[in-house]
Amino acid sequence: MPIESGSCASARQAKQKRKSHSLSIRRTNSSEQERAGLQRDMLEGQDSKLPPAVRNTLLELFGQIEREFENLYIENLELRREVDTLNERLAGEGQTIDGAELSKGQLKTKASHSTSQLSQKLKTTYKASTSKIVSSFKTTTSRAICQLVKEYVGHRDGIWDVSVAKTQPVVLGTASADHTALLWSIETGKCLVKYVGHVGSVNSIKFHPTEQVALTASGDQTAHIWRYIVQLPTPQPTADCNQVSGEDEVECSDKDEPDGDGDGSSDCPTVRAPLTSLKSHQGVVIAADWLVGGKQAVTASWDRTANLYDVETSELVHSLTGHDQELTHCCTHPTQRLVVTSSRDTTFRLWDFRDPSIHSVNVFQGHTDTVTSAVFTVGDNVVSGSDDRTVKVWDLKNMRSPIATIRTDSAVNRINVCVGQRIIALPHDNRQVRLFDMSGVRLARLPRSNRQGHRRMVCCSAWCEDHPICNLFTCGFDRQAIGWNINIPALLQEK
């Protein structure tokens, strides 16, 4: 009589296990069908104003939801059992799951190390799957942590970009599709300066690192450098904007949007002409930024190129080519001569100008749709956001794969990183603004309702870490910018 090998026996056991699992699924499905039938019979005997077809559809939908949670619950139980089994095996060998030292007299063999790694992987998978269930029921972060402080209303069309001045006095800048850029008092919400030099949509605004000078990019195929002089008004006490009830996410009609005809931006001083106009692109200039020191500026365009200019002479220094489709954003490193450009070709590129004789470029490929923005953080990290609903954190020293990936439920627009606390603000197409840390852990979601938050797509976010009142600003296509106070210590403590 032939002796059954160990591999055949294990295969037969696995097959029997699959059979028993499929039988249990059939029994579950049959019991679910019987239960749905009983529920339908019970409802038929009750008085209801709903048509029978609608009631049956609701029952089917609730049944599907119940089955999904039941499957997740079963999967979590199986993972827990596997983790417990491996823990028992490791305990018998004198090894702990967190990689602590083995008991005396035992060797750290390769086999036990791989078993520990497998156990840790199962444990991580179990935690991730259960955290998804818990996060779906998690309530929105309390208003004590994320408070709406001020709304900046005055544009007549959607706002594409928001930025905060780096010099005193600290003011807020917004770039709008209404062909203007406005500067605001952060404390009072009053418009201080209006720039009307462009004849197309103003797509980007950035402040000079040391002077009261702004850089704007426009759909008129130019970027303008213009000087402003502001005098901050005395802050006036205002009512608390946060005393609103509920978190109901109610869609608003166009008539609920701020009306630009009654704003006070027409009363503020107007700048009509730039100091310098940068003209070398053959398409829309979608973004612009200052290089460290402020003596050079970079622009990104729909003509698939980025240009590096000398600010004093307005001359084109370098034309950065290589992207296959329109560019969507550009960003410069705060302390080094590095530039990152993002594009609709699903990539972003790192341009290195630290060595005057060598201008190297590195291509990052990790997204499956348009890369809407890529920004630098402290150290050697870059964070990229995309229309593929993901945000990825990259190490410049290793471009092969991201060190963290954040998956969301909506396309991600221009992101911004709080450098000191390493918090990423994610503005979305679905009006949401979410906060994550650099490891991909969700920290908060900003309030959003019919009375608070944005009514349309949120286009951009900008941190101002040192401001005592507002430390995060967002703007959207509802024609307004919003200043938020984020209690960062409380936020990190909840984490």
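Cβ atoms here come from the backbone N, Cα and C positions, even for glycine.
Curation does not apply to TrEMBL; its annotations are automatic.
Look at TrEMBL and you will find 1-36 (among others) tagged as region 'Disordered'.
Look at TrEMBL and you will find 22-31 tagged as compositional bias 'Polar residues'.
Across all of the repeat 'WD' (152-194), the predicted model scores a mean pLDDT of 96. Positions annotated as repeat 'WD' by TrEMBL: 152-194 (among others).
Counting only same-chain residues 6+ beyond the ends of the repeat 'WD' (195-226), those with a CB under 8 A from a CB of the stretch are 157, 160-167, 173-183, 270-279, 281-290, 292-294, 297, 299-301, 309, 311. Per TrEMBL, repeat 'WD' is recorded for 195-226 (among others).
Here TrEMBL flags 238-272 (among others) as region 'Disordered'.
Summarising the annotation, TrEMBL assigns compositional bias 'Acidic residues' to 246-264.
Taken from TrEMBL, the feature repeat 'WD' covers 278-319 (among others).
Per TrEMBL, the feature repeat 'WD' maps to 320-361 (among others). Residue counts of the repeat 'WD' (320-361) by helix, strand and coil are 0 helix, 26 strand, 16 coil (DSSP-based).
Annotated repeat 'WD' per TrEMBL: 364-404 (among others), in sequence order. Per-class residue totals from DSSP over the repeat 'WD' (364-404), listed helix then strand then coil: 0 helix, 22 strand, 19 coil.
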Checklist entry - Cβ under 8 Å to the repeat 'WD' (320-361), counting only same-chain residues 6 or more beyond its ends: which ones? => result 283, 286-292, 298-308, 367-376, 382, 384, 386, 388, 396, 414, 419
